[in-house]
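Per TrEMBL, the features are:
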{"type": "COMPBIAS", "residues": "16-31", "note": "compositional bias 'Acidic residues'"}
{"type": "REGION", "residues": "1-37", "note": "region 'Disordered'"}
{"type": "REGION", "residues": "88-138", "note": "region 'Disordered'"}
{"type": "TRANSMEM", "residues": "148-169", "note": "transmembrane segment"}
{"type": "TRANSMEM", "residues": "221-244", "note": "transmembrane segment"}
{"type": "TRANSMEM", "residues": "251-272", "note": "transmembrane segment"}
{"type": "TRANSMEM", "residues": "322-340", "note": "transmembrane segment"}
{"type": "TRANSMEM", "residues": "473-494", "note": "transmembrane segment"}
{"type": "TRANSMEM", "residues": "500-516", "note": "transmembrane segment"}
Amino acid sequence: MGASDPVVERETQNKEEEEGGGEGGGEEEVKDVEKGEVVVEEKVVDSNSNVNINNINGEQRGFNASMMQTLNPTNPLRIVINGGRRVTAPRIATPPPSQPSRQAPRIATPPPSQPSRPRSISTSPPAPTPTPQASRTALNSKKYTNKISLFLFVLHMILAIGLVGFLVFKGIQGLILASESIKRKEKRVLKYLLPQVEAASLLSISLSFSWQKAVRVWPKFMVHFILWSSFFLSLSAGILLICFQKPATDGVGVCFIAFAIGNGLYACWVSQRIGFCCKVLIISLQPVSKFSDLNQPTYWMLGTGFLWMSFWILAVIGALNFYFPPLIIIALVLSLAWTTEVMRNVVNLTVCRVISLYYILGMQSSTQFCFQRALTQNLGSACLGSLFVPTIEALRIVARGLNLLEGEDEFMFSCAHCCLRIMESIFRCGNGWAYVQIAAYGKGFVQASQDTWALFERQEMEPIVDSDITSSICFLTGVCSGCICVIVTAAWTAKVHQPFTATISLLTFIIGYLMTRIAMALPQACVSCYYVCYAQNPDNRLFDSTIKDRLSLMKAGRDVVVPTPRVPHRFRET
(Lines of atoms letter the chains of each structure in order from A and count residues from 1; the text may use other names and numbers.)
(Lines give C-alpha, C1' and ligand atoms only; values in the text may rest on other atoms or scores of the structure.)
Protein backbone atom coordinates (compact mmCIF):
# COMPACT_ATOMS: atom_id res chain seq x y z
CA MET A 1 0.00 0.00 0.00
CA GLY A 2 3.04 2.24 0.73
CA ALA A 3 2.54 5.42 -1.18
CA SER A 4 -1.21 5.23 -1.12
CA ASP A 5 -1.57 5.51 2.68
CA PRO A 6 -1.00 9.31 2.86
CA VAL A 7 -3.64 9.81 0.22
CA VAL A 8 -6.17 7.85 2.27
CA GLU A 9 -5.36 9.84 5.41
CA ARG A 10 -5.77 13.13 3.54
CA GLU A 11 -9.09 11.92 2.19
CA THR A 12 -10.36 11.09 5.64
CA GLN A 13 -9.26 14.43 7.08
CA ASN A 14 -10.86 16.43 4.29
CA LYS A 15 -14.10 14.53 4.61
CA GLU A 16 -14.25 15.11 8.36
CA GLU A 17 -13.54 18.84 7.89
CA GLU A 18 -16.30 19.19 5.30
CA GLU A 19 -18.76 17.25 7.43
CA GLY A 20 -17.92 19.41 10.42
CA GLY A 21 -18.22 22.60 8.41
CA GLY A 22 -21.58 21.65 6.94
CA GLU A 23 -23.12 20.53 10.23
CA GLY A 24 -24.71 23.88 11.00
CA GLY A 25 -26.27 24.17 7.56
CA GLY A 26 -27.62 20.63 7.82
CA GLU A 27 -29.35 21.32 11.11
CA GLU A 28 -30.85 24.53 9.72
CA GLU A 29 -32.21 22.70 6.69
CA VAL A 30 -33.73 19.97 8.87
CA LYS A 31 -35.48 22.59 10.98
CA ASP A 32 -36.88 24.19 7.86
CA VAL A 33 -38.16 20.85 6.66
CA GLU A 34 -39.92 20.21 9.98
CA LYS A 35 -41.64 23.60 9.65
CA GLY A 36 -42.72 22.78 6.14
CA GLU A 37 -40.64 25.59 4.64
CA VAL A 38 -38.37 23.37 2.50
CA VAL A 39 -39.63 20.91 -0.06
CA VAL A 40 -37.65 17.70 0.08
CA GLU A 41 -37.39 15.75 -3.13
CA GLU A 42 -37.49 12.09 -2.27
CA LYS A 43 -35.22 9.86 -4.37
CA VAL A 44 -34.09 6.24 -4.16
CA VAL A 45 -30.84 5.08 -5.73
CA ASP A 46 -30.39 1.41 -6.46
CA SER A 47 -27.51 0.00 -4.43
CA ASN A 48 -26.63 -2.51 -7.15
CA SER A 49 -26.08 0.16 -9.83
CA ASN A 50 -23.01 2.34 -10.33
CA VAL A 51 -23.22 6.02 -9.57
CA ASN A 52 -21.80 8.49 -12.03
CA ILE A 53 -19.51 11.13 -10.53
CA ASN A 54 -21.40 13.84 -12.34
CA ASN A 55 -24.65 12.85 -10.55
CA ILE A 56 -23.22 13.08 -7.05
CA ASN A 57 -24.86 15.80 -4.94
CA GLY A 58 -23.39 19.16 -3.99
CA GLU A 59 -21.36 17.87 -1.09
CA GLN A 60 -19.33 15.43 -3.22
CA ARG A 61 -18.78 18.09 -5.92
CA GLY A 62 -16.80 20.10 -3.37
CA PHE A 63 -14.09 17.47 -3.08
CA ASN A 64 -10.61 18.26 -4.38
CA ALA A 65 -9.03 16.70 -7.46
CA SER A 66 -7.00 14.08 -5.59
CA MET A 67 -10.10 12.77 -3.87
CA MET A 68 -11.94 12.59 -7.17
CA GLN A 69 -9.09 10.59 -8.65
CA THR A 70 -8.83 8.09 -5.82
CA LEU A 71 -12.63 7.68 -5.18
CA ASN A 72 -13.89 4.37 -6.42
CA PRO A 73 -16.66 5.11 -8.97
CA THR A 74 -18.59 2.10 -7.79
CA ASN A 75 -18.91 3.43 -4.25
CA PRO A 76 -22.69 3.37 -3.40
CA LEU A 77 -24.28 6.54 -2.10
CA ARG A 78 -27.60 6.22 -0.39
CA ILE A 79 -29.98 8.95 0.55
CA VAL A 80 -32.53 7.90 3.12
CA ILE A 81 -35.57 10.01 3.84
CA ASN A 82 -37.02 9.28 7.24
CA GLY A 83 -39.91 11.34 8.65
CA GLY A 84 -39.20 14.40 6.49
CA ARG A 85 -35.42 14.55 7.44
CA ARG A 86 -32.59 13.90 5.01
CA VAL A 87 -29.94 11.61 6.50
CA THR A 88 -26.80 10.87 4.52
CA ALA A 89 -25.16 7.53 5.06
CA PRO A 90 -21.69 7.78 6.65
CA ARG A 91 -18.87 7.86 4.11
CA ILE A 92 -16.28 5.13 4.36
CA ALA A 93 -12.84 5.61 2.86
CA THR A 94 -12.52 3.40 -0.18
CA PRO A 95 -9.32 1.32 -0.51
CA PRO A 96 -6.94 2.80 -3.06
CA PRO A 97 -6.63 1.17 -6.43
CA SER A 98 -4.02 -1.54 -6.87
CA GLN A 99 -1.97 0.48 -9.34
CA PRO A 100 0.65 2.95 -7.96
CA SER A 101 -0.47 6.46 -7.18
CA ARG A 102 2.31 7.96 -9.30
CA GLN A 103 0.67 6.54 -12.40
CA ALA A 104 -1.76 8.90 -14.02
CA PRO A 105 -5.16 7.75 -12.89
CA ARG A 106 -7.74 6.88 -15.45
CA ILE A 107 -11.31 7.69 -14.63
CA ALA A 108 -13.45 4.74 -15.50
CA THR A 109 -16.78 5.42 -17.08
CA PRO A 110 -19.43 3.43 -15.26
CA PRO A 111 -21.93 1.42 -17.24
CA PRO A 112 -25.34 3.03 -17.71
CA SER A 113 -27.38 2.62 -14.57
CA GLN A 114 -31.11 2.19 -14.28
CA PRO A 115 -32.96 5.50 -13.97
CA SER A 116 -33.89 6.40 -10.45
CA ARG A 117 -37.59 6.13 -9.72
CA PRO A 118 -39.38 8.40 -7.28
CA ARG A 119 -40.81 6.62 -4.29
CA SER A 120 -44.57 6.31 -4.53
CA ILE A 121 -46.35 8.05 -1.70
CA SER A 122 -49.94 7.12 -0.92
CA THR A 123 -52.08 10.22 -0.66
CA SER A 124 -55.76 10.72 -0.05
CA PRO A 125 -57.89 11.91 -3.00
CA PRO A 126 -57.73 15.66 -3.44
CA ALA A 127 -60.48 17.71 -1.93
CA PRO A 128 -62.65 19.78 -4.25
CA THR A 129 -60.94 22.99 -5.19
CA PRO A 130 -62.67 25.88 -3.39
CA THR A 131 -63.47 28.94 -5.39
CA PRO A 132 -61.79 32.23 -4.43
CA GLN A 133 -64.99 33.22 -2.72
CA ALA A 134 -64.87 30.22 -0.42
CA SER A 135 -62.24 31.51 1.96
CA ARG A 136 -61.99 30.23 5.49
CA THR A 137 -62.72 33.68 6.86
CA ALA A 138 -65.98 33.96 4.95
CA LEU A 139 -67.05 30.44 5.79
CA ASN A 140 -66.46 31.04 9.50
CA SER A 141 -68.07 34.47 9.69
CA LYS A 142 -69.25 35.28 13.21
CA LYS A 143 -71.40 38.32 12.48
CA TYR A 144 -75.14 38.32 12.94
CA THR A 145 -77.19 38.75 9.77
CA ASN A 146 -80.31 40.93 9.39
CA LYS A 147 -80.30 42.20 12.96
CA ILE A 148 -83.46 44.29 12.54
CA SER A 149 -85.46 41.23 11.50
CA LEU A 150 -83.98 39.31 14.40
CA PHE A 151 -84.99 42.05 16.82
CA LEU A 152 -88.54 42.14 15.43
CA PHE A 153 -88.90 38.37 15.69
CA VAL A 154 -87.62 38.30 19.26
CA LEU A 155 -90.01 41.12 20.14
CA HIS A 156 -92.83 39.23 18.45
CA MET A 157 -92.02 36.07 20.39
CA ILE A 158 -92.03 37.98 23.69
CA LEU A 159 -95.44 39.45 22.87
CA ALA A 160 -96.75 36.10 21.62
CA ILE A 161 -95.62 34.26 24.75
CA GLY A 162 -97.18 36.97 26.90
CA LEU A 163 -100.46 36.85 24.95
CA VAL A 164 -100.62 33.05 25.02
CA GLY A 165 -99.93 33.01 28.75
CA PHE A 166 -102.59 35.65 29.39
CA LEU A 167 -105.20 33.83 27.29
CA VAL A 168 -104.45 30.51 29.00
CA PHE A 169 -104.96 32.29 32.31
CA LYS A 170 -108.28 33.69 31.04
CA GLY A 171 -109.36 30.23 30.00
CA ILE A 172 -108.57 28.78 33.40
CA GLN A 173 -110.29 31.72 35.05
CA GLY A 174 -113.39 31.11 32.95
CA LEU A 175 -113.48 27.49 34.07
CA ILE A 176 -113.20 28.40 37.73
CA LEU A 177 -114.69 31.86 38.38
CA ALA A 178 -116.99 32.61 35.44
CA SER A 179 -120.73 32.15 35.28
CA GLU A 180 -122.30 28.77 34.63
CA SER A 181 -123.02 29.54 30.97
CA ILE A 182 -119.37 30.44 30.29
CA LYS A 183 -118.22 27.37 32.20
CA ARG A 184 -120.43 25.11 30.11
CA LYS A 185 -119.21 26.75 26.92
CA GLU A 186 -115.53 26.34 27.75
CA LYS A 187 -116.00 22.78 28.98
CA ARG A 188 -117.71 21.94 25.70
CA VAL A 189 -114.82 23.44 23.75
CA LEU A 190 -112.25 21.54 25.80
CA LYS A 191 -114.17 18.31 25.38
CA TYR A 192 -114.93 18.48 21.66
CA LEU A 193 -112.13 20.61 20.21
CA LEU A 194 -108.92 20.05 22.17
CA PRO A 195 -108.65 16.24 21.64
CA GLN A 196 -109.01 16.54 17.86
CA VAL A 197 -106.38 19.28 17.60
CA GLU A 198 -103.87 17.40 19.74
CA ALA A 199 -104.51 14.23 17.75
CA ALA A 200 -103.95 16.19 14.52
CA SER A 201 -100.61 17.47 15.87
CA LEU A 202 -99.39 13.96 16.65
CA LEU A 203 -100.73 12.63 13.36
CA SER A 204 -99.00 15.39 11.39
CA ILE A 205 -95.66 14.64 13.08
CA SER A 206 -95.97 10.97 12.17
CA LEU A 207 -96.95 11.84 8.61
CA SER A 208 -94.09 14.32 8.23
CA PHE A 209 -91.44 11.73 9.08
CA SER A 210 -93.17 9.18 6.86
CA TRP A 211 -93.18 11.56 3.89
CA GLN A 212 -89.54 12.51 4.39
CA LYS A 213 -88.38 8.92 4.72
CA ALA A 214 -90.35 7.86 1.67
CA VAL A 215 -88.94 10.72 -0.43
CA ARG A 216 -85.40 9.79 0.59
CA VAL A 217 -85.86 6.08 -0.15
CA TRP A 218 -88.12 6.18 -3.23
CA PRO A 219 -87.72 9.67 -4.70
CA LYS A 220 -88.80 8.82 -8.23
CA PHE A 221 -92.01 7.11 -7.15
CA MET A 222 -92.86 9.68 -4.48
CA VAL A 223 -92.71 12.65 -6.85
CA HIS A 224 -95.49 11.14 -8.97
CA PHE A 225 -97.35 9.93 -5.89
CA ILE A 226 -97.33 13.32 -4.15
CA LEU A 227 -98.46 15.20 -7.25
CA TRP A 228 -101.56 13.06 -7.71
CA SER A 229 -102.29 12.11 -4.10
CA SER A 230 -102.54 15.82 -3.22
CA PHE A 231 -105.17 16.14 -5.94
CA PHE A 232 -107.24 13.18 -4.73
CA LEU A 233 -106.88 13.98 -1.03
CA SER A 234 -107.89 17.63 -1.38
CA LEU A 235 -110.81 16.63 -3.58
CA SER A 236 -111.88 14.00 -1.05
CA ALA A 237 -111.65 16.46 1.86
CA GLY A 238 -113.78 18.99 -0.04
CA ILE A 239 -116.45 16.44 -0.94
CA LEU A 240 -116.57 15.19 2.67
CA LEU A 241 -117.11 18.68 4.07
CA ILE A 242 -119.84 19.45 1.53
CA CYS A 243 -121.62 16.25 2.53
CA PHE A 244 -122.21 17.66 6.04
CA GLN A 245 -124.56 20.23 4.46
CA LYS A 246 -123.69 23.11 6.74
CA PRO A 247 -122.96 26.61 5.42
CA ALA A 248 -119.55 26.75 7.08
CA THR A 249 -118.46 23.30 5.95
CA ASP A 250 -119.81 23.95 2.45
CA GLY A 251 -117.65 27.06 2.12
CA VAL A 252 -114.52 25.26 3.29
CA GLY A 253 -115.34 22.29 1.07
CA VAL A 254 -115.65 24.47 -2.03
CA CYS A 255 -112.18 25.93 -1.32
CA PHE A 256 -110.71 22.42 -1.15
CA ILE A 257 -112.36 21.39 -4.42
CA ALA A 258 -111.16 24.54 -6.20
CA PHE A 259 -107.63 23.85 -5.00
CA ALA A 260 -107.90 20.24 -6.19
CA ILE A 261 -108.83 21.38 -9.70
CA GLY A 262 -105.85 23.73 -9.85
CA ASN A 263 -103.63 21.00 -8.44
CA GLY A 264 -104.71 18.56 -11.12
CA LEU A 265 -104.03 21.08 -13.90
CA TYR A 266 -100.59 21.81 -12.44
CA ALA A 267 -99.76 18.08 -12.27
CA CYS A 268 -100.59 17.73 -15.97
CA TRP A 269 -98.62 20.86 -16.90
CA VAL A 270 -95.36 19.80 -15.16
CA SER A 271 -95.48 16.16 -16.24
CA GLN A 272 -92.56 16.71 -18.65
CA ARG A 273 -90.41 18.17 -15.88
CA ILE A 274 -90.80 15.22 -13.52
CA GLY A 275 -87.99 13.12 -15.02
CA PHE A 276 -85.26 15.70 -14.51
CA CYS A 277 -86.65 16.65 -11.08
CA CYS A 278 -86.43 13.01 -9.96
CA LYS A 279 -82.87 12.73 -11.28
CA VAL A 280 -81.71 15.84 -9.42
CA LEU A 281 -83.52 14.74 -6.26
CA ILE A 282 -81.81 11.35 -6.31
CA ILE A 283 -78.35 12.87 -6.80
CA SER A 284 -78.79 15.66 -4.26
CA LEU A 285 -79.93 13.26 -1.52
CA GLN A 286 -76.80 11.09 -1.80
CA PRO A 287 -74.68 13.11 0.70
CA VAL A 288 -77.37 12.71 3.39
CA SER A 289 -76.20 9.17 4.14
CA LYS A 290 -72.78 10.54 5.17
CA PHE A 291 -74.32 12.49 8.08
CA SER A 292 -76.16 10.20 10.48
CA ASP A 293 -77.36 13.06 12.71
CA LEU A 294 -78.60 15.35 9.96
CA ASN A 295 -82.22 14.88 11.06
CA GLN A 296 -81.63 15.96 14.66
CA PRO A 297 -82.59 19.62 14.01
CA THR A 298 -85.86 18.35 12.51
CA TYR A 299 -86.58 16.35 15.68
CA TRP A 300 -85.93 19.38 17.87
CA MET A 301 -88.06 21.71 15.78
CA LEU A 302 -90.98 19.28 15.55
CA GLY A 303 -90.87 18.65 19.30
CA THR A 304 -90.77 22.37 19.99
CA GLY A 305 -93.58 22.94 17.50
CA PHE A 306 -95.78 20.34 19.16
CA LEU A 307 -95.32 21.93 22.60
CA TRP A 308 -95.96 25.43 21.25
CA MET A 309 -99.11 24.29 19.43
CA SER A 310 -100.41 22.65 22.61
CA PHE A 311 -100.22 25.99 24.44
CA TRP A 312 -101.43 27.79 21.34
CA ILE A 313 -104.69 25.84 21.15
CA LEU A 314 -105.29 26.54 24.84
CA ALA A 315 -104.84 30.24 24.04
CA VAL A 316 -107.42 29.93 21.25
CA ILE A 317 -109.87 28.47 23.75
CA GLY A 318 -109.09 31.30 26.20
CA ALA A 319 -109.68 33.87 23.45
CA LEU A 320 -113.34 32.81 23.39
CA ASN A 321 -113.61 34.28 26.89
CA PHE A 322 -112.05 37.64 25.91
CA TYR A 323 -112.88 40.69 23.80
CA PHE A 324 -112.89 40.43 19.99
CA PRO A 325 -112.29 36.66 19.73
CA PRO A 326 -112.09 36.59 15.87
CA LEU A 327 -109.33 39.22 15.73
CA ILE A 328 -107.33 37.58 18.47
CA ILE A 329 -107.60 34.16 16.80
CA ILE A 330 -106.46 35.62 13.46
CA ALA A 331 -103.47 37.23 15.21
CA LEU A 332 -102.64 33.89 16.86
CA VAL A 333 -102.82 32.09 13.50
CA LEU A 334 -100.48 34.61 11.84
CA SER A 335 -98.05 34.37 14.75
CA LEU A 336 -98.10 30.57 14.53
CA ALA A 337 -97.46 30.67 10.78
CA TRP A 338 -94.42 32.95 11.14
CA THR A 339 -93.01 30.97 14.06
CA THR A 340 -93.27 27.58 12.33
CA GLU A 341 -91.87 29.04 9.10
CA VAL A 342 -88.85 30.28 11.05
CA MET A 343 -88.49 26.78 12.54
CA ARG A 344 -88.55 25.32 9.04
CA ASN A 345 -85.90 27.74 7.82
CA VAL A 346 -83.69 26.98 10.83
CA VAL A 347 -83.69 23.35 9.68
CA ASN A 348 -83.16 24.59 6.13
CA LEU A 349 -80.11 26.67 7.12
CA THR A 350 -78.63 23.83 9.16
CA VAL A 351 -78.86 21.32 6.32
CA CYS A 352 -77.66 23.91 3.81
CA ARG A 353 -74.51 24.59 5.82
CA VAL A 354 -73.69 20.91 6.28
CA ILE A 355 -74.26 20.00 2.64
CA SER A 356 -72.72 23.15 1.14
CA LEU A 357 -69.50 22.73 3.12
CA TYR A 358 -69.39 19.16 1.88
CA TYR A 359 -69.63 20.38 -1.72
CA ILE A 360 -67.32 23.40 -1.33
CA LEU A 361 -64.54 21.96 0.86
CA GLY A 362 -65.22 18.23 0.81
CA MET A 363 -65.49 18.20 4.62
CA GLN A 364 -68.00 16.64 6.99
CA SER A 365 -68.96 19.38 9.42
CA SER A 366 -70.71 19.01 12.75
CA THR A 367 -74.49 19.13 12.49
CA GLN A 368 -74.76 20.36 16.07
CA PHE A 369 -72.44 23.30 15.39
CA CYS A 370 -74.35 24.20 12.21
CA PHE A 371 -77.64 24.00 14.15
CA GLN A 372 -76.30 26.37 16.81
CA ARG A 373 -75.12 28.75 14.10
CA ALA A 374 -78.55 28.72 12.46
CA LEU A 375 -80.16 29.55 15.83
CA THR A 376 -77.79 32.46 16.50
CA GLN A 377 -75.85 34.18 13.70
CA ASN A 378 -78.23 33.33 10.85
CA LEU A 379 -81.54 33.53 12.70
CA GLY A 380 -82.22 37.07 11.49
CA SER A 381 -82.02 35.97 7.86
CA ALA A 382 -84.35 33.07 8.61
CA CYS A 383 -86.87 35.50 10.12
CA LEU A 384 -86.69 37.89 7.16
CA GLY A 385 -86.92 35.11 4.61
CA SER A 386 -89.85 33.52 6.44
CA LEU A 387 -91.81 36.76 6.04
CA PHE A 388 -91.05 37.56 2.41
CA VAL A 389 -90.26 34.36 0.49
CA PRO A 390 -93.77 32.82 0.72
CA THR A 391 -95.35 36.16 -0.19
CA ILE A 392 -93.00 36.76 -3.14
CA GLU A 393 -93.46 33.20 -4.42
CA ALA A 394 -97.25 33.49 -4.24
CA LEU A 395 -97.31 36.82 -6.08
CA ARG A 396 -94.89 35.49 -8.67
CA ILE A 397 -97.20 32.55 -9.36
CA VAL A 398 -100.11 34.96 -9.81
CA ALA A 399 -98.08 37.09 -12.22
CA ARG A 400 -97.12 34.07 -14.27
CA GLY A 401 -100.73 32.98 -14.37
CA LEU A 402 -101.72 36.37 -15.76
CA ASN A 403 -98.93 36.04 -18.32
CA LEU A 404 -100.43 32.76 -19.55
CA LEU A 405 -103.93 34.24 -19.78
CA GLU A 406 -102.97 37.42 -21.65
CA GLY A 407 -104.74 36.41 -24.89
CA GLU A 408 -105.41 39.09 -27.50
CA ASP A 409 -106.33 41.85 -25.09
CA GLU A 410 -103.71 44.61 -25.28
CA PHE A 411 -104.51 45.84 -21.80
CA MET A 412 -104.13 42.37 -20.28
CA PHE A 413 -100.94 41.94 -22.33
CA SER A 414 -99.39 45.08 -20.84
CA CYS A 415 -100.57 44.36 -17.28
CA ALA A 416 -99.33 40.78 -17.36
CA HIS A 417 -95.83 41.72 -18.51
CA CYS A 418 -95.68 44.66 -16.13
CA CYS A 419 -96.62 42.50 -13.14
CA LEU A 420 -94.23 39.73 -14.15
CA ARG A 421 -91.37 42.18 -14.63
CA ILE A 422 -91.97 43.73 -11.20
CA MET A 423 -92.14 40.33 -9.52
CA GLU A 424 -88.97 39.10 -11.20
CA SER A 425 -87.14 42.22 -10.05
CA ILE A 426 -88.35 41.59 -6.51
CA PHE A 427 -87.50 37.91 -6.81
CA ARG A 428 -83.85 38.75 -7.48
CA CYS A 429 -83.71 40.49 -4.09
CA GLY A 430 -85.54 37.78 -2.15
CA ASN A 431 -85.71 34.09 -3.10
CA GLY A 432 -85.48 30.70 -1.46
CA TRP A 433 -82.14 29.88 -3.09
CA ALA A 434 -80.46 32.48 -0.87
CA TYR A 435 -80.40 30.20 2.18
CA VAL A 436 -77.40 28.30 0.80
CA GLN A 437 -75.13 31.35 0.76
CA ILE A 438 -76.61 32.60 4.04
CA ALA A 439 -75.63 29.33 5.69
CA ALA A 440 -72.24 28.96 3.99
CA TYR A 441 -70.91 32.53 3.98
CA GLY A 442 -73.02 34.35 6.57
CA LYS A 443 -74.42 36.87 4.08
CA GLY A 444 -77.55 38.91 4.60
CA PHE A 445 -80.76 37.74 3.00
CA VAL A 446 -80.92 40.37 0.23
CA GLN A 447 -77.24 40.14 -0.66
CA ALA A 448 -77.35 36.35 -0.71
CA SER A 449 -80.41 36.43 -2.99
CA GLN A 450 -78.72 38.79 -5.45
CA ASP A 451 -75.42 36.89 -5.45
CA THR A 452 -77.12 33.53 -5.92
CA TRP A 453 -79.19 34.72 -8.84
CA ALA A 454 -76.07 36.30 -10.37
CA LEU A 455 -74.41 32.87 -10.20
CA PHE A 456 -77.35 31.31 -12.01
CA GLU A 457 -77.18 33.97 -14.70
CA ARG A 458 -73.44 33.53 -15.13
CA GLN A 459 -73.88 29.78 -15.71
CA GLU A 460 -77.07 30.36 -17.78
CA MET A 461 -79.05 28.20 -15.34
CA GLU A 462 -82.16 30.39 -14.95
CA PRO A 463 -84.36 28.13 -17.12
CA ILE A 464 -83.34 25.09 -15.08
CA VAL A 465 -83.94 26.59 -11.65
CA ASP A 466 -87.16 28.20 -12.86
CA SER A 467 -88.47 24.83 -14.03
CA ASP A 468 -87.48 23.02 -10.82
CA ILE A 469 -90.54 21.63 -9.01
CA THR A 470 -88.90 20.50 -5.76
CA SER A 471 -90.41 23.36 -3.75
CA SER A 472 -93.81 22.55 -5.23
CA ILE A 473 -93.43 18.90 -4.26
CA CYS A 474 -92.60 19.90 -0.67
CA PHE A 475 -95.57 22.28 -0.62
CA LEU A 476 -97.94 19.60 -1.91
CA THR A 477 -96.60 17.16 0.68
CA GLY A 478 -97.76 19.56 3.37
CA VAL A 479 -101.13 19.81 1.60
CA CYS A 480 -101.42 16.01 1.66
CA SER A 481 -100.81 15.88 5.40
CA GLY A 482 -103.25 18.73 6.01
CA CYS A 483 -105.98 17.00 3.97
CA ILE A 484 -105.45 13.72 5.82
CA CYS A 485 -105.81 15.56 9.13
CA VAL A 486 -108.97 17.25 7.82
CA ILE A 487 -110.56 13.96 6.76
CA VAL A 488 -109.80 12.29 10.11
CA THR A 489 -110.81 15.15 12.42
CA ALA A 490 -113.84 16.21 10.36
CA ALA A 491 -115.31 12.73 10.49
CA TRP A 492 -114.52 12.52 14.20
CA THR A 493 -116.01 15.93 15.03
CA ALA A 494 -119.14 15.35 12.94
CA LYS A 495 -119.78 12.29 15.01
CA VAL A 496 -119.35 13.92 18.44
CA HIS A 497 -120.20 17.62 17.92
CA GLN A 498 -120.97 18.71 14.35
CA PRO A 499 -121.05 22.53 14.90
CA PHE A 500 -117.27 22.53 15.42
CA THR A 501 -116.53 20.69 12.15
CA ALA A 502 -115.56 23.67 9.98
CA THR A 503 -113.41 25.31 12.68
CA ILE A 504 -111.59 22.11 13.52
CA SER A 505 -111.08 21.33 9.83
CA LEU A 506 -109.31 24.64 9.24
CA LEU A 507 -107.18 24.37 12.38
CA THR A 508 -106.07 20.80 11.71
CA PHE A 509 -105.25 21.56 8.08
CA ILE A 510 -102.98 24.43 9.13
CA ILE A 511 -101.30 22.27 11.78
CA GLY A 512 -100.78 19.33 9.44
CA TYR A 513 -99.38 21.53 6.68
CA LEU A 514 -96.98 23.48 8.90
CA MET A 515 -95.56 20.45 10.73
CA THR A 516 -94.94 18.55 7.50
CA ARG A 517 -93.20 21.52 5.93
CA ILE A 518 -90.67 21.50 8.78
CA ALA A 519 -89.73 17.89 8.02
CA MET A 520 -89.61 18.42 4.25
CA ALA A 521 -87.04 21.20 4.65
CA LEU A 522 -84.27 18.58 4.44
CA PRO A 523 -84.80 17.38 0.85
CA GLN A 524 -85.51 20.91 -0.33
CA ALA A 525 -82.26 22.16 1.22
CA CYS A 526 -80.29 19.34 -0.43
CA VAL A 527 -81.63 20.26 -3.87
CA SER A 528 -80.90 23.96 -3.27
CA CYS A 529 -77.31 23.18 -2.30
CA TYR A 530 -76.86 21.05 -5.39
CA TYR A 531 -77.94 23.85 -7.75
CA VAL A 532 -76.18 26.73 -5.97
CA CYS A 533 -72.88 24.94 -5.33
CA TYR A 534 -72.82 23.73 -8.93
CA ALA A 535 -73.36 27.27 -10.18
CA GLN A 536 -70.48 28.41 -7.97
CA ASN A 537 -68.01 25.74 -9.13
CA PRO A 538 -69.20 23.53 -12.03
CA ASP A 539 -65.81 21.78 -12.22
CA ASN A 540 -66.13 20.31 -8.73
CA ARG A 541 -65.43 16.57 -8.85
CA LEU A 542 -68.48 15.91 -6.65
CA PHE A 543 -70.82 16.94 -9.47
CA ASP A 544 -71.64 14.87 -12.51
CA SER A 545 -72.78 16.04 -15.92
CA THR A 546 -76.51 16.13 -15.13
CA ILE A 547 -76.94 19.91 -15.25
CA LYS A 548 -74.37 20.33 -18.03
CA ASP A 549 -76.16 17.81 -20.25
CA ARG A 550 -79.50 19.45 -19.50
CA LEU A 551 -78.14 22.86 -20.50
CA SER A 552 -76.69 21.43 -23.71
CA LEU A 553 -80.03 19.87 -24.64
CA MET A 554 -81.91 23.08 -23.90
CA LYS A 555 -79.49 25.16 -25.99
CA ALA A 556 -79.72 22.68 -28.85
CA GLY A 557 -83.53 22.72 -28.70
CA ARG A 558 -83.76 18.96 -28.16
CA ASP A 559 -85.19 19.13 -24.65
CA VAL A 560 -88.98 19.14 -24.70
CA VAL A 561 -89.98 21.15 -21.63
CA VAL A 562 -93.01 23.30 -21.00
CA PRO A 563 -91.49 26.80 -20.80
CA THR A 564 -91.88 28.81 -17.65
CA PRO A 565 -93.52 32.18 -18.33
CA ARG A 566 -90.84 34.86 -18.30
CA VAL A 567 -90.56 38.47 -19.42
CA PRO A 568 -89.65 38.62 -23.13
CA HIS A 569 -86.24 40.09 -23.96
CA ARG A 570 -87.71 43.07 -25.78
CA PHE A 571 -89.43 44.15 -22.54
CA ARG A 572 -86.30 43.64 -20.43
CA GLU A 573 -84.30 46.06 -22.50
CA THR A 574 -86.79 48.90 -22.09
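Every residue, even glycine, has its Cβ placed from backbone N, Cα and C.
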Annotated stretches the transmembrane segment (322-340) and the transmembrane segment (148-169) touching (3 or more Cβ pairs under 8 Å): yes
Tertiary contacts of the transmembrane segment (251-272), as residues 6+ beyond its ends and Cβ separation under 8 Å: 227-228, 230-232, 234-235, 237-242, 469, 472, 476, 479, 483, 486, 502, 505-506, 560-562
Outside the transmembrane segment (148-169), six or more residues from its ends: residues with CB under 8 Å to it: 311-312, 314-316, 318-319, 322, 328, 331-332, 335, 338-339, 342, 379-381, 383-384, 387, 445
